[in-house]
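A.B. asks: Next up is a structure, given as C-alpha cells.
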Amino acid sequence: MLLLWLRALCRRFQHVPRRVPSRQVSRGSKASRAGWGETSKSSVKWKQLEHKGPCFAPAYEPLPDGVRFFYDGKPVRLSLAAEEVATFYGKMLHLECTTKEVFRRNFFSDWQKEMTAEERKLITHLDKCDFSEIHRHFMERAEARRTLPREQKQKLKEEAEKLQQEFGYCILDGHREKIGNFKTEPPGLFRGRGDHPKMGMLKRRVMPEDVVINCSRDSKIPEPPAGHQWKEVRSDNTVMWLAAWVENIQNSFKYIILNPSSKPKGEMDWQKYEVARRLKGVVDKIRAQYQADWKSPEMKKRQLAVALYFIDKLALRTGNEKEEGETADTVGCCSLRVEHVRLHTPADGQEHVVELDFLGKDSIRYKNHVTVEKLVFQNLQHFMEDKDPRDDLFDALTTSSLNKHLQDLMEGLTAKVFRTYNASITLQEQLRVLTRAEDSLTCKVLAYNRANRAVAVLCNHQRAIPKTFEESMQTLQKKIETKKAQVAEAQVELQKAETDLRMRGDSKSKSFLQKQQRLLKLEEQLARLCTKATDKEENKQVALGTAKLNYLDPRISIAWCKRFGVPVEKIYNKTQRERFAWAFNQAGEDFEF
C-alpha cells in the first residue's frame with residue numbers, strides 16, 4: 001500500500017518544485033515530502049508570509065450518561081474512540097446515504113478498526129445496532145442551537161469572530177490578507193458525491209503531526225497545540241499555500257490558502273480568464289488543425305484529434321493516470337474505455353450519434369447523447385474494433401502526451417482553459433439571445449439563470465434533487481394559487497369600480513386608481529412567483545454555482561448587469577461580490593470576453 005501511495009504522489013505531481021531548505025523536519029521521508037505543493041512557472045510569489053497556522057477541530061465530547069447505544073436490544077457502553085465514530089453515523093440517520101449498502105459496509109469496516117477487541121467480538125452486525133438515542137440527542141442539540149436567545153447567539157457570534165481574527169488572517173508582504181479555510185475539517189464519515197465507492201469511510205481527525213507549515217524564514221513560526229509538533233516547517237515562496245496535509249480517504253492534498261477575495265487570489269483569477277481569452281484568438285486555427293488530423297494516416301494523431309474534439313465540444317477533463325484500484329473508477333477523456341461509448345449507426349439520413357456513459361470527477365455520472373461529425377464517428381468505430389469492453393478507447397494516447405500537445409498549441413493551454421473558454425463564450429452568447437431590454441427584472445434574472453444553466457449542462461455540473469424539493473414546490477404552488485385568487489378578486493373590484501364611474505359619468509376617482517394600482521402590484525407579484533417556480537423546476541438537478549465561481553469570467557455577468565440595469569446583487573451574493581471585486585472596475589457595459 002505504501003508503494004502504491006508513493007507512486008500515486010509521483011504521478012500527481014510530475015514536477016517537483018524547487019526545494020527551499022526547511023527549518024525543521026520532524027517526520028516523514030524525502031519521498032513523502034517531495035509531493036507537497038502546487039507548481040508554477042513563476043518563481044517567487046511572496047517575500048513575507050506570517051500566520052497562526054490552522055485552527056484544529058475541538059476534541060471529542062463524550063455522550064451524556066442518558067444517551068445510550070444499543071446492540072441487539074441491550075445497552076452497550078462503548079470506548080471513547082468507538083463512541084465517537086458511532087456518533088458520526090448516528091448524526092446521519094436521517095440522511096439517505098445511510099441506507100446505501102456501500103456506505104453501511106464501509107462505515108462498519110472502519111468503525112470496527114476503532115473498537116476494542118471486546119467490542120469487535122460483541123458487535124458483529126450493523127443491522128443489530130441501534131443509534132436512535134444518539135440521533136435524537138444530536139437532533140435536539142441542533143434544535144436547541146436554532147432556538148437560542150438572541151443574547152447567546154450574539155455571544156457565539158463574537159466567539160467565532162474572535163477565532164476569525166486570531167486564525168483567519170495572515171501577513172503577506174506587509175499586507176493583512178484574509179485566509180479562506182483556516183479550520184481543518186472535523187472528523188466524520190465521507191459522503192462523496194454521486195455513488196462514490198468510498199462513501200461511509202472514516203475521515204480521520206487532522207493532527208498537528210500531519211501538517212506542513214509554510215511561512216517566511218524571518219517570521220514567527222506558528223505555535224502547534226500544546227504537546228504536539230508540526231510534521232514540517234518550510235519556507236517555500238514558490239507556492240501560495242500556508243499549511244498542507246494529506247487526507248486519509250483518497251490520499252489527496254488539502255491546503256489552507258488565501259480567501260478568494262484576497263488580492264493575490266484575485267490576480268490569479270484574472271490571469272486564468274485572460275489565458276482563456278487568449279484562446280479565443282487561436283481556437284479557430286486549433287479546430288481546423290484537429291479536424292484535418294481526423295484524416296491522418298497515423299493512429300496516434302487521429303486519436304489525439306478526436307480526444308481534443310471531445311475536450312472542446314463536450315468540456316471533458318483529460319482524466320488523470322492512476323493505479324488500478326487506487327481510488328474510485330472515475331475517468332476523463334484519455335481514460336475512456338470501450339464500455340463507456342456506444343455508437344448509434346445512422347440510417348435514412350439520421351445524424352451520427354455517440355452515447356457516452358461513465359463516472360466523471362467526484363463520481364458524478366456523465367451520460368450524454370451527442371451528435372458528432374461523420375469523421376469522428378468513423379474514427380471511433382475504428383478505435384473500438386477488436387477491443388474488449390475494458391480496453392482503452394484511446395490506447396495510443398496518455399494524459400501527459402495530450403497535455404504536452406495542448407501546450408504546443410498555445411502556451412498555458414489546458415483542458416481547463418478550454419472549459420473556461422467554452423463556458424464563458426456560452427454564457428455570453430446565451431445572454432445575448434435570451435435577454436430583452438423591455439423585459440421585467442424578474443424575467444432578466446430568469447434569462448441569466450437559463451444562460452448559466454446551459455453552461456452547467458455543458459460542464460456536467462449536476463446535483464441530486466433536494467429532498468425538500470417537492471415540499472417547497474407545493475408550498476410555492478399554494479402561494480401561486482392564493483395570488484391568482486387575489487388577482488381575480490382585484491380584477492372584479494376594478495371592473496365594478498369602472499362600471500360605477502361610467503354610471504356616474506365621473507372622471508377617474510382616487511378609489512379607482514388605488515384599485516388599479518393594487519391589481520398591477522398583485523399581477524407583478526404573481527409573475528414573480530410563477531418565474532420563481534419555473535426557475536426552481538428547471539434547475540432542480542443542475543448546480544449553477546460551480547460554473548459561476550470557477551469557469552465564468554465575472555466581467556461578462558457584470559457587463560450584462562450594467563447593460564440591462566440589473567442590480568449585481570441579483571446575480572452575485574456578498575461573498576461572490578467580494579471574490580470578484582477585481583472585475584467590477586474592468587467590466588464596462590460593452591465588455592466582450
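Backbone N, Cα and C define each Cβ position, glycine as well.
According to Swiss-Prot, the record shows the following:
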TRANSIT   1-43  transit peptide
SITE      Arg145  site 'Interaction with DNA'
SITE      Arg193  site 'Interaction with DNA'
SITE      Trp241  site 'Interaction with DNA'
DOMAIN    261-593  domain 'Topo IB-type catalytic'
SITE      Lys272  site 'Interaction with DNA'
REGION    317-322  region 'Interaction with DNA'
SITE      Thr330  site 'Interaction with DNA'
SITE      Lys361  site 'Interaction with DNA'
SITE      Asn403  site 'Interaction with DNA'
SITE      His461  site 'Interaction with DNA'
SITE      Lys479  site 'Interaction with DNA'
ACT_SITE  Tyr551  active site, O-(3'-phospho-DNA)-tyrosine intermediate
A.B. asks: Cα within 10 Å of Lys361 (site 'Interaction with DNA') is the criterion; apply it to the recorded positions Arg145, Arg193, Lys272, Thr330, Asn403, Tyr551 and give the hits in sequence order.
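C.D. replies: If one measures from the Cα of Lys361 (site 'Interaction with DNA'), the recorded positions that come within 10 Å are Arg193, Thr330.
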A.B. asks: What Cα-Cα separation, expressed in whole Å, is found between Trp241 (site 'Interaction with DNA') and Lys479 (site 'Interaction with DNA')?
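C.D. replies: Roughly 48 Å, rounded to the nearest whole number.
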A.B. asks: Taking every protein chain shown into account, which of the recorded positions Trp241, Tyr551 has the largest tally of Cβ atoms within 10 Å of its Cβ?
C.D. replies: Tyr551
A.B. asks: On a C-alpha basis, identify the one among Arg193, Lys272, Tyr551 that is nearest to Lys479 (site 'Interaction with DNA'); the candidates are the recorded positions.
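C.D. replies: Nearest listed residue in space: Arg193.
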A.B. asks: Given a 10 Å Cβ-Cβ cut-off, pick out the one of the recorded sites Arg145, Lys361, His461, Lys479 that has the most other Cβ atoms nearby.
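C.D. replies: Neighbour-count leader: His461.
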A.B. asks: Mean pLDDT for the region 'Interaction with DNA' (317-322), rounded to an integer?
C.D. replies: 69
A.B. asks: What is the nearest of the recorded sites Arg145, Thr330, Asn403 to His461 (site 'Interaction with DNA'), using the Cα of each?
C.D. replies: Thr330
A.B. asks: Fewest other CB within 10 angstroms, which one of the recorded sites Thr330, Asn403?
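C.D. replies: Comparing Cβ neighbour counts within 10 Å for the recorded sites Thr330, Asn403 gives Asn403.
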A.B. asks: Just to verify a number: CA distance, Arg145 (site 'Interaction with DNA') to Arg193 (site 'Interaction with DNA'), in angstrom, no decimals.
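C.D. replies: Between the alpha carbons of Arg145 (site 'Interaction with DNA') and Arg193 (site 'Interaction with DNA') there are 28 Å.
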A.B. asks: Which recorded positions are spatial neighbours of Arg193 (site 'Interaction with DNA') here, meaning Cα within 10 Å, out of Lys272, Thr330, Asn403, Tyr551?
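C.D. replies: The recorded positions passing the 10 Å Cα test: none.
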A.B. asks: From the recorded positions Thr330, Asn403, Tyr551, pick the residue whose C-alpha lies nearest to the C-alpha of Lys272 (site 'Interaction with DNA').
C.D. replies: Tyr551
A.B. asks: For Tyr551 (active site, O-(3'-phospho-DNA)-tyrosine intermediate) and Asn403 (site 'Interaction with DNA'), what Cα-Cα distance in Å is obtained after rounding to a whole number?
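C.D. replies: Roughly 19 Å, rounded to the nearest whole number.
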